[in-house]
């Protein structure tokens, strides 16, 4: 939501920069508070990959939030921000031996395959270590049914149980946690709650078969944010209340386990804005055209949305690159009352650099400012700033006022 406060701040910075990302710590802190209030007995995780900006990490990790790392570099980033090693969870498919070896003792490794468990055990043996690990399970259920689906992520549930006799004999690893994750950007709290119930049931069975207590249960599947005008926020209060009922039911079963909630883009997404300028306007065969600075090479998501929806308006989500039609709205920060249909391109030498086609907007002129909300997650990190060797957007962080 573009408040008057934010509009004033963005316009002030637009006088200094042609294009920029603007991260508002006050909004970030409010999101952290809302999530922790909704889940008082759970531990929140932040996925560093959605935005690894140093100031954002410092704010988040100074607020008693754990780290979800998808690379060795992200393990180091969390550690540099003071996150204890047993609160950094390194989960990704295809970890190299180099990354596994360097990560030993620096985090909790989440094994993504049976082969990876064996490799961790072999590496730990060379160092005479016994390594506590988690396992990512690809369960025999989905969001909508009781059927599993093939995936690059995790160990199939049946395969894990079949391999347990072998895994129990590995003397240099100890399975202490379970991680599942089926989908990101979920707004329906009832869907998440139903999924959580299935995860609790699965983890209970795994703990029973392991015959040793779990130390953590990562429920996975990140909480979404409303990108589109027809969407509303995930009701995290209701989700938290239902999760509390589940926690009480399983309190004795998981008496030693931390329950982990993946925050998805709920934390970083709303705190970020992408701002750019209209550089030029022209008429071409009866069409109004505007040229903006640093679109595909500044904020990729609108261009990807236009590309995908030009092929199919009902294309399925391919997060984090594409969500759905209408998921990258923007504000025109001018005061004109005149409206016109316009197509907005970027200033790259490719026709694919387009963010809006024949849309009705306040009439655009060179120097006008466009502001894109929800640019705090999976935005700067996805964008090819190097394309065409242009000056990249600035990245600004507004520190919150201290009480």
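Backbone N, Cα and C define each Cβ position, glycine as well.
The shown structure was predicted, so the numbers you read here are calculated from the model rather than taken from an experiment.
Per TrEMBL, active site, proton donor is recorded for 349. Cβ contacts within 10 Å of residue 349 (active site, proton donor), excluding its own Cβ and spanning all protein chains shown: 8.
Annotation source TrEMBL lists domain 'Orn/DAP/Arg decarboxylase 2 C-terminal' at 24-376.
The domain 'Orn/DAP/Arg decarboxylase 2 N-terminal' annotation in TrEMBL covers 27-268.
Annotation for residue 49 (N6-(pyridoxal phosphate)lysine): spatial neighbours 70, 71, 74, 381, criterion Cβ-Cβ under 8 Å with sequence separation of six or more. Taken from TrEMBL, the feature N6-(pyridoxal phosphate)lysine applies to 49.
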Structural state of residue 49 (N6-(pyridoxal phosphate)lysine), classified by DSSP into three states: helix
